[in-house]
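Enquirer: Quick paste of what TrEMBL says about this protein:
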type     : residues : note
REGION   : 1-22     : region 'Disordered'
COMPBIAS : 1-13     : compositional bias 'Polar residues'
TRANSMEM : 38-56    : transmembrane segment
TRANSMEM : 174-198  : transmembrane segment
TRANSMEM : 218-237  : transmembrane segment
TRANSMEM : 284-303  : transmembrane segment
TRANSMEM : 309-332  : transmembrane segment
Amino acid sequence: MARTTHPNRTKPVSSKPPATIPYASPASNSKFPTQLRFPLLVVFSLTISSLLYSFVSPFTSGDLATVSRSRDNWWEIAGLLVWKATQLAVGWYGGFDSTDFAALTFLTHVPYHYFLSTFYQIRPTTSAYCIAIDTLTAYVPFYTLKVSSSIHSVKTPKGIAANRSVINDTGVQIYTSLLAAGIYTVVVFGSYGTWLPVYLVTHFDGIRDISAAYSPNFPWLILSFLPTGFAAKVFLFTPATAAKADKHDKETAAFNPETATFGETVLYNLWGFSHRARTLIKRTATLVVVGGVHTVLQTYGSLEGAEFLGAAGWSSVWGLAATLTGAAFLWVGDVDGV
């Protein structure tokens, strides 16, 4: 008996998982044209920031106004807006989702507000409000207008990310967060114990309290850097560990020094790393550059009495901490089973 055919039978669904969670964010159903999303993102972010800062102003009692430079020139305000748009562009065109960009924003905004609360006697609650607002104004617009990646989800589908059991393991998340927090603590603590106190007094006219640099409390430092460690884990460790082998990895594995051209040999020696290592290197570089520029601009441009060299020196402390954290995560990723 001939087999009956069913021309209208539904085609089997591909077992290949999607690159993103289909409905992880409203952006998956967004009706906005693609070319309009980034301008909308900038407007949305600036609007949220303005509204939230206005909302918390009664609770900050003008703390920031007491230490801030006055901005009377239009180009100063325009420069701040351009830098804000540049940061958003880095996240948007750099392939970061809402979680990535929120973590990057947190890491790049902490140095300035930590500086204010430590050396200018700005209340920690005021600094916390500012960091929370900046992080929210990074997360919400991206979550609304850009489809979220699945690598940060505890329900990461099989096949989406490499080492799924590692990135979803609670113990690994805790240990890597503590590792990053410890590195930031050691770098800041070491700077306090060596060159930083005299440097701050020299390059910050009107600094109010330098005692924290002369008598730092190590346990309190590591406790205060726990959120920073977690953000570093989110931005650096998780995406790198989840990176699957790509075409570049196959080309690197097939590299033959006997037949390769000079250009191919140079490229192999300079960039012949795994996808995981390349992801970690690029994200660490992004954190160092964006964080460094933001800290210098925010400190020198906003803080009354701050010299450019002072802002650059303070920024270098955090750049070193970010670099060492990236290197540590690179080493952790080379451990068997990770």
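Here the Cβ of each residue, glycine as well, is placed from N, Cα and C on the backbone.
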Enquirer: Near the transmembrane segment (218-237), which same-chain residues lie under 8 Å Cβ to Cβ, leaving out any that are not at least 6 residues past its ends?
Expert: 99-100, 103-104, 106-107, 110, 114, 152, 173, 176-182, 184-185, 188-189, 280, 283-284, 287, 322, 325-326, 329, 332-333
Enquirer: Applying the under-8 angstroms CB criterion, which one of 38-56, 284-303, 309-332 scores highest with the transmembrane segment (174-198)?
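Expert: Between the stretches 38-56, 284-303, 309-332, 309-332 has the largest tally.
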